[in-house]
Amino acid sequence: MSDYKDTLNLPKTSFSMKGNLANKEPMILNKWEKQGIYKKIREHFAGREKFVLHDGPPYANGSIHVGHAVNKILKDIIVKSKTLSGYDAPYIPTWDCHGLPIELQVEKKHGKAGQKISEDAFRKECRKYAKQQVEIQKKDFKRLGVLGQWDQPYLTMDFSYEANMIRTLAKIIENKHLTKGFKPVHWCTDCGSALAEAEVEYKDKISPAIDVKFKIKDKEKLAKAFGLESLNHDAFAIIWTTTPWTLPANQAIAVNNQLNYSLVKIEDFYIILAENLVEQTLKRYAIENAQVIANTSGYKLIGIIAEHPFYSRHVPILHGDHVTDDSGTGMVHTAPTHGVEDFTLGKEHDLSMEIFVKGNGCYSENTKLFAGEFVFKANDRVIELLGEKKRLMNFDKLKHSYPHCWRHKTPLIFRATPQWFISMEKEGLREKAIEAIKETSWAPSWGQARIEGMIKDRPDWCISRQRTWGVPLPLFIHKETEELHPNTIEILHKVAQKIEKGGIEAWFNADDNEFIAETDKYKRVKDTLDVWFDSGSSSMCILDIDKSLSYPADLYLEGSDQHRGWFQTSLLVAMSAKGNQPYKEVFTHGFVVDEHGRKMSKSLGNVTSPQDIYNTLGADILRLWTASTDYKSEMAVSDQILKRTADTYRRLRNTARFLLSNLEGFNPETDIIEFDKLVKLDQWAIAKTKEFQDKIIEAYDKYQTHTVAQLIHHFCSIEMGSFYLDIIKDRQYTAKADGHPRKSAQTAIYHIVHALVRWMAPILSYTADEIWEATPKTTDLPIQLCEWYTDLKSFNDQDELNLEFWAKIQEIRSEVNRILEIKRNEEVIKASLEAEIIIYADNDNYKLLEKLGNELRFLLISSKASLRAIEEKTNNSIESNITGLNIEVNKIEEPKCERCWHRSATVGQNEEYQDICSRCVENITTEAGESREFA
């Protein structure tokens, strides 16, 4: 027996079977950095149509988590796909660098600003800390394979950014959107500052729920309101509240003049309740022997005076539109400095706006009975006092959704303070923002209704904060009238110039007379800007200024929580400063959860860190998981899910390796065969690749990365692995190395690889780079500078052996394989090359299959295949799942060719080559080798 190994075209490639990504990827990343690959992309695509994905800044505090990784990877995939489509698609990362979380970290080390450390030194430490955090996060983002302008990102603490925020504020003031107000705002007693809507999160809280008796001072007036001559017992208005601590600030009781109210007798006193709530309220009180004495309309109660339950204070009954008879008692406790509706009612009726609660959450010195106590701790004292005064009608506990600080996770209070607001009404900002939302494309589509509803319902945006590490609100107000300085716009531009040179410290360290002359009449505002104003200004501070970008951005892509965060603040800043929206399209992705749909938390032990993933499996596995998941809803990840992703990756890598290994010896400059001269199956492979490429590009354009991933996987495992590559192995390995059949297949493989590597590049960025290095090519460009492959061809209308034809062949082949498997299990054959396959076909199937002539056997990977009319079917044939098709499989008794392993009667016919078939002899001894037309 001779050794024919040297006569075979054995596969060979530098592209390894094992990914070994955790070790290889850092080397590839290092190569990109040495090449300056991002800069080369910018130079190569300069002058092309722009596509700008604007980066929402992550907060510069702590290591990145898998949610950060998902966000950056999705952005990177989209930007890279747009580059492949020929766009100039820059990506400039940004970071959010001011605010409380950084202050808290610095406080841990240095103490509070103004106590153990000066405010100036504190700011320097904050800046230093933020810079360190940016570098930590940047390293992780780069390791994920994300390309961008990492050497010059935008930081909200850059002097130029801080200065441009002040200029943006100037435009907002110029457009008359800024107002000063004394209003109740969400207040965090731990932060000692007001919070914006985006900084508030709602969690369940158990609160005391009490019904309080307010004694009616004028019983005669009350009797008259109910159509009675007199009342022989005391009467009480009953309010229900879950915030007993606000009772010291009570100034009124609100009723609705459109509701009906009942006077109810209980033993020796009367209570007033909304008529529709009498039954359920008495049931709540467990009172059975009460009697409704009379009913009246709410408007008749207006103006009646009650007495505060523990202060000598008259409390009027007033009308409030917000009062309903859905729950409670239909009479609402009104503390103007602790609620939005209460405040509005207080302003309407000139109620006292005395502040009883300080910024630290403790009652002020002028709060009788409770001075110095923390409000939530005072709840018990208030309830106890009400009991002593016999003013507590009922006491329960209620579990309800309550606002909490996003950072401290502690309950907030509503507290009226003087603050600066962007008014939603003053210049029609609300309506303009809603119109802009309608002009923007939102995906998923429910995002539009969500943000629209939020804008419709949101209060004025409180943009002032009482913090140390933040961009100042550099205003001067009159010491007596508190009006803004008449030259405010000019002053702000002067401040911006100073900040551009010396950062925010230049404002805090400057004297007032550096900005204004009338320091005796005007005082500076000491507040800082809400950090959401920082990130919300990015369209004005980056897109509107950086000439390498464009305004508005083509795309904003963030997590679904940003409808109430960055999407909204960006819109409000842009609309109030510039008058149009900052984005054309807004996409959101879901949150990352574990495989059971639970939020990730250290306490549950279900945290999957991106660092662990890329240090073990590789960043490309994380990228593939991200792309494969439909990110419009929650994205589940776990070790098991990532293991499945790694299995998918292996299949893709193996396909790429098989393709590359069969391009050994192929020179694209001399060996490419024209499409119409290719073996028909190779024509199909190219046309099928073209069909998939069209779908893949369409999916990329729609940002449907999961569809892209599915298409690539299907292409590799089904169209290639289970069909085309399986069939061409024989031709690739055994045909003459430079003969037409092999060069035809290599031409198809060359085109397939060039298309496939580009499809993969946005998702499997490291692997695509590795594939590209091992690919024969006619260009020196790195894969990152390439565009979609354009040398693919489709069948024309005259081609009989078109995609439809081959789809039917694939269907028939699947049935043949099914029956071959049956015969393997029955031990009739061990391998398909031992089989003789006879297909009995009806007229339509016969006409289809006879087009392949004697090459049908190559498609079926058998040594012998024949076609007969269905009428000739034998009892040995098996009916297939295709109508009009029976299949018979018999074992071939002919000898095995030691070179191609086919069974053939021609083995031994050549005296020089006794153990191989005539086809192999032809491939070894003749100049042209065998010929193929179809397969």
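Positions of Cβ are set from backbone N, Cα and C atoms, glycine also.
What Swiss-Prot annotates here:
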- 58-68: motif ''HIGH' region' (MOTIF)
- Glu558: L-isoleucyl-5'-AMP binding site (BINDING)
- 599-603: motif ''KMSKS' region' (MOTIF)
- Lys602: ATP binding site (BINDING)
- Cys897, Cys900, Cys917, Cys920: Zn(2+) binding site (BINDING)
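Everything Swiss-Prot records as a feature, shown here on the structure.
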{"residue": "Glu558", "record": "L-isoleucyl-5'-AMP binding site", "contacts (Cβ under 8 Å, 6+ apart)": "Gly56, Asn71, Gly565, Trp566, Phe567, Thr588, His589"}
{"residue": "Lys602", "record": "ATP binding site", "contacts (Cβ under 8 Å, 6+ apart)": "none"}
{"residue": "Cys897", "record": "Zn(2+) binding site", "contacts (Cβ under 8 Å, 6+ apart)": "Arg903, Ser904, Val907, Asp915, Ile916, Cys917, Arg919, Cys920"}
{"residue": "Cys900", "record": "Zn(2+) binding site", "contacts (Cβ under 8 Å, 6+ apart)": "Asp730, Tyr733, Thr734, Ile916, Cys917, Arg919, Cys920"}
Output field, Zn(2+) shell: CB within 8 Å of site CB centroid, site Cys897, Cys900, Cys917, Cys920 dropped: Thr734, Glu898, Arg899, Trp901, His902, Ser904, Thr906, Val907, Ile916, Ser918, Arg919, Val921
Tally of DSSP helical, extended and coil residues in the motif ''HIGH' region' (58-68): 3 helix, 1 strand, 7 coil
Residues of the motif ''KMSKS' region' (599-603) by DSSP state, where helix covers H, G and I: 0 helix, 1 strand, 4 coil
Protein Cβ atoms within 10 Å of Cys920 (Zn(2+) binding site), excluding its own: 28
Where Cys920 (Zn(2+) binding site) falls in three-state DSSP terms: helix
